[in-house]
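The feature substrate binding site is assigned by TrEMBL to L17, E22. TrEMBL lists R107, L108, G109, R110, G111, K112, G113, Y114, Y115 with the feature ATP binding site.
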Amino acid sequence: VICHPKYQESKRIAIFLSMPDEIQTEEIIKDIFKQGKECFIPRYKPHSNHMDMLKLSSAEDISSLASTSWNILQPSDDDNAREEALAGGGLDLIFMPGLGFDKKGNRLGRGKGYYDTYLERCMKHPSGKPYTIALAFKEQICESVPVTENDVPIDEILYEEC
């Protein structure tokens, strides 16, 4: 991942804080800061499909985050001091989680549409849609995944042996 040309050229990167059953992102987050890039993580709004990407100040900043009912670490609802990516310079790259992917760039998420809705918002930002890379295990690559007209395809999927 850290040798990927899109990662190398990106300055503002959004990445998910991994759950135990996902590709672990901790080392990537550490490298984002080591390279002097800006790092943004999701904050999901419960009972909606709204998500913001909020800026982390350091890799150690993660330990200050609250845990949601899904056991995901994220900035608390009353944490309004962090920059939201679309309120600033937008994003260059988003690393995407998912349950399943196909080689056409379709992604099966957890069903709430957070990332698809966020990408729609990105497309309206002056900096445009960021490049999207899904991080997956090879077992998550399927022949096809079900999609709707609201699903935004991913630019690239990285997995073992790809």
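Glycine residues also receive a Cβ, built from the backbone N, Cα and C atoms like all the rest.
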Residues satisfying Cβ distance under 8 Å from E22 (substrate binding site), sequence separation of at least 6: F16, P97, L135
In the same chain, outside R107, L108, G109, R110, G111, K112, G113, Y114, Y115, whose C-beta lies within 8 angstroms of the Cβ mean position for the ATP site? G98, D116
Rounded to the nearest Å - Cα separation of Y115 (ATP binding site) and L17 (substrate binding site): 14
Compare the Cα of L17 (substrate binding site) against each of the binding-site residues R107, G109, G111, G113 and report the nearest. G109
Around the Cβ of L17 (substrate binding site), how many other Cβ atoms lie within 10 Å? Please give the count over every shown protein chain. 18
Minimum Cβ neighbour count within 10 Å among the binding-site residues G109, G111, G113: which residue? G111
Y115 (ATP binding site), Cβ-centred 10 Å count of other Cβ atoms over all protein chains shown, is 25
Using all protein chains in view, find how many other C-beta atoms are within 10 Å of the C-beta of R107 (ATP binding site). 24
